[in-house]
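Colleague: First the structure, then my questions, so here it is.
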């Protein structure tokens, strides 16, 4: 049997019932990678030797009926900005080429404790800055549904690997849509948890008030199973929330009769393609058919999400990325003749164009004379966006809309046009600014390219999000599409 497109849930049961060994699962996954990844280009590094060794250890435990761990023997791919002890972590940048961490991120510790098996590290936009995975220093990942299209970003490798059947689940990070947008483009399920739900310890920081780690899977229930394994308060991350209700699967099958869902008119407004609008309207009718009430509302400050987000995120990035100075670790320019030259040349040569663009933007926004006009004003707009959501959630359980304004664009089309690229974040950035949970699930296709439907929930109410997404998934089954790729 081939396990390449099996769900996490099915693999757990197959291993538990001794119908397959962890070694067989891992072996099949590496065979799939060998066959497909030269085309998809989703992995930056494979941890094959350690993965095979780990799987053999799990085989022995399986034989003794000692199968402890929620993800016993399940292979995983990890975005390359999440620290993995002993495995190269580059953030897809020349700046960190050859950097091998000597400690483990919290999420990796949790996944290893649940006996998941690390397959390798996944490609991304450099330092998570981009929406197409084209800013990676190493390679350009393609969309498994259409090899002329981008997979989205910044977690493009994480989404493409899952869609192509190269891992049953992956982790990504989402600062302004970097899990949900590639999930939408690649036709899979991607969740950005509530800010603070998952520890950021060991996530290479981009924008600390926005970053959040989350799972990418091919089914909603798989997504919930992975989130259960990685949530929880962490003493190493002061922003991780002391909320210990990590049971997202018990209510997942409950119907959604009587649930109140809000559809913001702005989410079907200017810039959203006709195909996306049509798919979302169909999805709304499906939700009504499931017994939910869907009503149109207004989130008037949506249009300010992108400018506010790019000022705040770039400002935080300019601060966070100042640690890459060519001295302690990372790229060290061999041509520098003084300390000042070492700083300038290491950073100029080590960072790519998009990263430098955002550092410049952030430094400018924080500079004397401009701070009030840009950074401070953006924080005020952020509060207005949060207030919009709070007002809606007084009367509604969930917000629904498209994940992205269009389907995946062609490789090369927008890489030299940053403003057009940034516009793709129209519907995802407000969720990060408000710190809310958001999930993208497939809801259609246009010319063979997937369309994503986004559900947005109240803070720490991932349970309801999963319930709605799961019920919708029962009526819109996308699972057969992956094996056709």
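A Cβ is built for glycine as well, from the same backbone N, Cα and C atoms used for every other residue.
Relevant sequence annotations retrieved from Swiss-Prot are reproduced here:
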- 79: active site, charge relay system (ACT_SITE)
- 154: active site, charge relay system (ACT_SITE)
- 178: active site, acyl-ester intermediate (ACT_SITE)
Colleague: What is the one among the active-site residues 154, 178 whose Cβ has the most other Cβ atoms less than or equal to 10 Å away?
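Modeller: The largest 10 Å Cβ neighbour count belongs to 178.
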Colleague: Determine, from DSSP, whether residue 79 (active site, charge relay system) sits in helix, strand or coil.
Modeller: strand
Colleague: Just to confirm: which same-chain residues, 6+ apart in sequence, have a Cβ under 8 Å from the Cβ of residue 79 (active site, charge relay system)?
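Modeller: Counting only residues 6 or more apart in sequence, the Cβ neighbours of residue 79 (active site, charge relay system) under 8 Å are 121, 122, 124, 155, 157, 158, 170, 171, 172, 173.
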Colleague: Roughly how many Å separate the Cα of residue 154 (active site, charge relay system) from that of residue 178 (active site, acyl-ester intermediate), to the nearest whole number?
Modeller: 5
